[in-house]
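Just below is one structure, and these are the notes that go with it.
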Amino acid sequence: MQEFDLFVIGAGSGGVRCARIAAQNGARVAIAERRHWGGTCVNLGCVPKKLMVYAADYGREIADAPAYGWDVKPVAHDWRTLIEAKDREITRLNGIYVSMLRKAGISLFTGNARFVDANTIEIGPSLLAPDEPVIRVKAKRIVVAPGSTPVRLDIPGAEHAIVSDDAFHLAARPERVAIIGSGYIGVEFAGIFAGLGSKVDLVYRSDLPLRGFDQEVRSHLAELLPLHGIAVHPSRTPERIEKETDGYRLHLEGGDVIETDCVFMATGRRPNIDGLGLDRAGVRTKDGRIPVSAEEPATNVPNIYAIGDVTDTYNLTPTAIAEGHLLAERLYAPQGRDWSFGTTPKAVFFSSPVATVGLTEEEAAEQHALDIYTSSFTPMRQTLSGRKGKAFLKLVVDADSQIVLGAHMIGPDAPEIIQGLAIAVTTRLTKRDFDRTIGLHPTSAEEFVTMRTRTRHIPRHSDSKR
Ligand code: NDP
């Protein structure tokens, strides 16, 4: 039986980084993958999604181009061309992942890996390698990084719905799409399909989209969605889906019906723990996730660790990478490196993207009295074309220390801008530091350093509750 220092289950963003750093530091490492080398982000997530966002953006740019003097003839979008080009790029990236792992001297296993006990892994056939024999290997340490899978709502007719995995490979673009859920995936795909020309209905059970984001940003997004061609159905719960000869009928509680060609459930993801044999290794789970901390991803079993979407931490690609990197270094080459998980920036790649770092106003007000600065304006790019929809920027500042606790933006280039500001929020710069920074003119980003007048002061919630 082969023996390794470290065995990683799952070759997604976190698993691959962990394996590489461990191997670079002298560990004998193996990694198993059952579906796609590179995992969700590369194959069914961030990367193909962003390529599709670009495709939708081009449509808007072409529509606005005549205002800038371009004589644009009527254009049509070819879905198949996009999907084939996207697939070629993903295949290229898969190859890079495999060669990178091989070059690092890592042993690759293609198949379904599961625990036999806390030091033994069995690898059996999988969709990617149906004819592989079952083999067993031993490892001193094991990292569980199997990722997650989209969740389907348990309603009658759910089998007629697609999830994000399917959206990347539809044979044709549906003319009408009804998306359930207004989290990251629901909002991003609403922008993609509307931008490519589909009629989009977005159904969500809250009063505002993007739960967890700053309330004012959510309100601003709710106003923008219809301007981006999306029909919104807030505070509505789906009841059942019926198949008709010419499409589907999505019934909402209360009686309304949406007629559509495609029902898309974007209702969260659940960790891939089924069939891993975690019980045989004695690994404890809580609510279907493995409880760990991002800085210290140890499970209750001393030689077993968990990173990425299978855990109850951040469930984003960059945090999974940081978790895997930190863990490998800590085990094989301690450096004392730290990452500021608490100021992880987040972005929703909608056609007017949303990005955020640090605390929302609601979170910050629990602990601090606040000075809030906001700005809303029509981006210059939209002036000649007359395209509707304002950008919105917000700084959440601790009124006592003047430290900027959070920066939020919705509007063109928000993710690119907030990535830069994430350094300022991570290093706890003050509003004064922002104020003495010279703006870069003319940009949207300069608003973050020119917001001189406080929009409002918020007393600390804990004080006002007394
Ligand atoms: P989210 O958790 O972001 O959103 C889920 C949505 O489904 C919410 O609107 C939620 O409503 C709704 N929902 C959940 N259960 C029900 C129900 N029973 N009935 C009706 N509605 C329901 O999940 P996503 O699927 O959008 O994305 C999964 C994860 O993938 C994200 O959390 C993120 O970690 C990651 N991701 C990150 C991206 C990025 O960084 N840009 C892009 C895509 C995914 P409510 O809000 O009311 O609970």
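Note that Cβ sites are derived from N, Cα and C of the backbone, with glycine treated the same way.
The following features are taken from TrEMBL:
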DOMAIN    4-324  domain 'FAD/NAD(P)-binding'
DISULFID  CYS41-CYS46  disulfide bond
BINDING   LYS50, ASP309  FAD binding site
BINDING   GLY181, SER182, GLY183, TYR184, ILE185, GLY186, VAL187, GLU188, GLY268  NAD(+) binding site
DOMAIN    344-451  domain 'Pyridine nucleotide-disulphide oxidoreductase dimerisation'
ACT_SITE  HIS441  active site, proton acceptor
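Feature map: annotations from TrEMBL on the structure.
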{"residue": "CYS41", "record": "disulfide bond", "Cβ neighbours (10 Å)": "24"}
{"residue": "CYS46", "record": "disulfide bond", "Cβ neighbours (10 Å)": "16"}
{"residue": "LYS50", "record": "FAD binding site", "Cβ neighbours (10 Å)": "14"}
{"residue": "GLY181", "record": "NAD(+) binding site", "Cβ neighbours (10 Å)": "24"}
{"residue": "GLY183", "record": "NAD(+) binding site", "Cβ neighbours (10 Å)": "19"}
{"residue": "ILE185", "record": "NAD(+) binding site", "Cβ neighbours (10 Å)": "23"}
{"residue": "VAL187", "record": "NAD(+) binding site", "Cβ neighbours (10 Å)": "27"}
{"residue": "GLY268", "record": "NAD(+) binding site", "Cβ neighbours (10 Å)": "15"}
{"residue": "ASP309", "record": "FAD binding site", "Cβ neighbours (10 Å)": "30"}
{"residue": "HIS441", "record": "active site, proton acceptor", "Cβ neighbours (10 Å)": "7"}
> What average pLDDT is reported by the model for the domain 'FAD/NAD(P)-binding' (4-324)?
Replying inline: 97
>> Here's one to test understanding: among the recorded positions CYS41, CYS46, LYS50, ASP309, HIS441, whose C-alpha is closest in space to the C-alpha of GLY268 (NAD(+) binding site)?
In response: ASP309
> Which residue counts does DSSP give the domain 'Pyridine nucleotide-disulphide oxidoreductase dimerisation' (344-451) for helix, strand and coil?
Replying inline: 32 helix, 33 strand, 43 coil
>> Here's one to test understanding: among the recorded positions LYS50, GLY183, ILE185, VAL187, HIS441, whose C-alpha is closest in space to the C-alpha of CYS41 (disulfide bond)?
In response: LYS50
> Could you state the CA-to-CA distance between GLY181 (NAD(+) binding site) and ASP309 (FAD binding site) to the nearest Å?
Replying inline: 19
> Cα distance, ASP309 (FAD binding site) to the residue listed as 'active site, proton acceptor', nearest Å?
Replying inline: 40
> Looking at the binding-site residues GLY183, ILE185, VAL187, ASP309, which has the shortest Cα distance to CYS46 (disulfide bond)?
Replying inline: ILE185
> Considering only the recorded positions CYS41, LYS50, GLY181, GLY183, ILE185, GLY268, which possess a Cβ situated under 6 angstroms from at least one atom of ligand 1?
Replying inline: GLY181, GLY183, ILE185, GLY268
> In DSSP terms, helix, strand or coil for ILE185 (NAD(+) binding site)?
Replying inline: helix
> Using the Cβ centroid of GLY181, SER182, GLY183, TYR184, ILE185, GLY186, VAL187, GLU188, GLY268 as the reference point for the NAD(+) site, which residues of the same chain not in that list have Cβ within 8 Å?
Replying inline: ILE179, PHE189, PRO209, LEU210, ALA266, VAL348
> When you look at GLY181, SER182, GLY183, TYR184, ILE185, GLY186, VAL187, GLU188, GLY268, which the record names as binding NAD(+), what is the longest CA to CA distance in angstrom?
Replying inline: 13
>> What does the structure give for the C-alpha distance between GLY183 (NAD(+) binding site) and LYS50 (FAD binding site)? Integer Å is fine.
In response: 16
> According to DSSP, which kind of secondary structure is GLY268 (NAD(+) binding site) found in, if we only use helix, strand and coil?
Replying inline: coil
